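> Questions regarding the structure given below will be posed in turn.
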């Protein structure tokens, strides 16, 4: 009988029980190493839907008109009717009456045809059609009911109902936004990100402090427990915050669980019946009914009502003076004085010692100052008007002005310069006649042509020599010189120091 020797199986041999056990242990260790703490469910904030600016304003206007101004359509119809009546546009008046006065809903207690009362714009209601009768605000509906908006075409009506039919104003603003609002929000987020990046030392340190505290609270593994302690694993009693309580206003106490539940239950809402005035007709009916209910119980002066016999009230004995208990509607007498306006000093003082409002009269100094200011302003207005008239006359006149007119139109400084420096006189210049001892006699003939006009400023005056032409002879006569010769020959170039040496 031969004995067989069995060799022990090595753990590395595949398919053996030992290798399978080691493989299972390795998988468990890897799974344990990769184990992570489950995080809380992250709630993704729903981004609002972006609408165009025109669509956003249009839909929001529909909601505001529907919830807060349901009578706006009727008021517009009344204004159109009154405008057509003032223009005597009978065609438009008939169209408005047909649109707003004939359509009525059955079951509301009103007739479907009110031709007799159609002339009054006060009876206008919102037009009702058979296709949209369910979406039109009813005149007798309660104030808390939310009517639906109406559009002209079926397509726009369907889009309007899809967007704003079942949404309030707050819900619409949370669900939709405009392009401008979205762009502004992106600008704000970009600016905040740049601010955090610029002051990263302040913002990141708060995050690092929270991570360090979490790391200190964690239990180290078995392998690292006998190593040197981590210097960062130190528990700090104070949490680091950027907005500390010393430099900023401290935060309040956190809400308890009960307070959080109460805040969650309290939802913000708008009472639409408080945003509009109640119907006066209903209030009148209620007041009349209430008054009728109270009259049998309380008579005049608080006395009890008279008893009834077989359904008839007992009458009181007539009073010799029937109007004694009532204040008269009209009276007679003499007027003590004619009413007049009370000035500031005549205002009666209040009998109480409390503060009272009183306008003081202007002082004498203030009245004088006001009078002087008015006088100066009137003078300035007159001067300004005269200057404007002169400038307008000078610009618009095609005539050539004389030296006197030109000198009068100048400013005082220009007049002083013209008379003092340039030698221009305001009066007509006197031409000096030549003396008998000065040369030859002048022969005056009918053929002499001489210019008597004064030369214009800025033009050089030619020499005073005139050629006398006669049919018989050509004789040249010297007319002499005057005091104004070469007066206006002002050098155009300013002299320098070298010109005098």
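Cβ atoms here come from the backbone N, Cα and C positions, even for glycine.
Not my notes, these are from Swiss-Prot:
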| type | residues | note |
| --- | --- | --- |
| COMPBIAS | 1-18 | compositional bias 'Low complexity' |
| COMPBIAS | 105-115 | compositional bias 'Low complexity' |
| COMPBIAS | 126-151 | compositional bias 'Polar residues' |
| COMPBIAS | 152-163 | compositional bias 'Basic and acidic residues' |
| MOD_RES | 409 | phosphoserine |
| MOD_RES | 411 | phosphoserine |
| REGION | 1-20 | region 'Disordered' |
| REGION | 105-163 | region 'Disordered' |
| REGION | 425-471 | region 'Disordered' |
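Would you situate these features in the structure and describe their surroundings?
DSSP assigns residue 409 (phosphoserine) to a helical segment in the three-state reduction.
Long-range neighbours of residue 411 (phosphoserine) (same chain, six or more residues apart, CB within less than 8 Å of its CB): none.
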> Can you tell me how many other Cβ atoms are located within 10 Å of the Cβ belonging to residue 409 (phosphoserine)?
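So the Cβ neighbour count for residue 409 (phosphoserine) comes to 15.
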